[in-house]
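Note sheet for the following structure.
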Amino acid sequence: MPSSFDLLGEMIGLLQTEQLTSSWACPLPNALTKRQDLWRALINQRPALPLSKDYLNLEDAYLDDWRASFVPVSVKDCQKTNYTSLFLYHGDIRYLAVDAIVNAANSELLGCFIPNHGCIDNAIHTFAGSRLRLACQAIMTEQGRKEAIGQAKLTSAYHLPASYIIHTVGPRITKGHHVSPIRADLLARCYRSSLDLAVKAGLTSLAFCSISTGEFGFPKKEAAQIAIKTVLKWQAEHPESKTLTIIFNTFTSEDKALYDTYLQKENNCE
């Protein structure tokens, strides 16, 4: 069985042969981390075009190795809150072994094309594998238009521990601008649409990232308040959904502190 180092080298070679990205002419690095960065840069930039079976077999083997390098996080590993069906998880959403994780997508729905970018969309697409971008391309081709803010789409999670990914596009907030009622409602729609889709798909566990708080600039405090209020209201309106366990995933210490505070007791997100 080839090592991850060798698999990366072979994948890089095949991707560079295509000459489809700006990194196609970079020399093959001798360090593992540098190879990982170059492979990720190449696959991040690659258009949503069919891939060869040879490449996909290599990627499958590499991502299987990645998947075996950590212990997945289940609901029982998550932090309990004062609500029996709401949990907190502080860490990397890619490690969650739940029915579905929510991805903060953009309107193209094809993942992030910026090489090695730190956004959640980039991380999820990279380590779910290239089949995810192709699946999203099929959705967008059938739809025939960009994805609207506040909607939700379901795909397989491919190489991630989760079974599915729910993709939703949140609203943007320009730095220094206040959160208008329209944008607050659009963010709430992201949560409602994702919850509705999860129930429609028969899912029993769903992990939300902090939608719109990264690259899209939504203030973290207001976003956390909207997320929790929307989920609690949705649960009250859908008593039949009590079997759906909901996890709020936080990645920064600021987000964790906000969710810890707001989930201490009912209606504590004013």
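Note that Cβ sites are derived from N, Cα and C of the backbone, with glycine treated the same way.
The predicted model assigns the domain 'Macro' (73-267) a mean pLDDT of 96. Feature annotation from Swiss-Prot assigns domain 'Macro' to 73-267; the stated evidence is sequence analysis.
Under a cutoff of 8 A between CB atoms, and with a sequence separation of 6+ in the same chain, the neighbours of I120 (ADP-D-ribose binding site) are I93, N103, A104, C209, G214, F251. Annotated ADP-D-ribose binding site per Swiss-Prot: D92, I93, N106, C119, I120, D121, S212, T213, G214, E215, F216, in sequence order, evidence recorded as similarity to another entry.
Here C112 (Zn(2+) binding site) comes close to N44, N106, C119, D121, N122, H125: these same-chain residues lie at least six apart in sequence, with C-beta atoms under 8 angstroms from its C-beta. Feature annotation from Swiss-Prot assigns Zn(2+) binding site to C112, H117, C119; the stated evidence is similarity to another entry.
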C-beta crowding around C119 (Zn(2+) binding site), within 10 angstroms: 17
Pairwise CA distance, D92 (ADP-D-ribose binding site) versus H117 (Zn(2+) binding site), rounded so that it is a whole Å: 15
H117 (Zn(2+) binding site) and F216 (ADP-D-ribose binding site), distance between Cα atoms, whole Å: 14
Around the Cβ of N106 (ADP-D-ribose binding site), the count of other Cβ atoms that are within 10 Å: 19
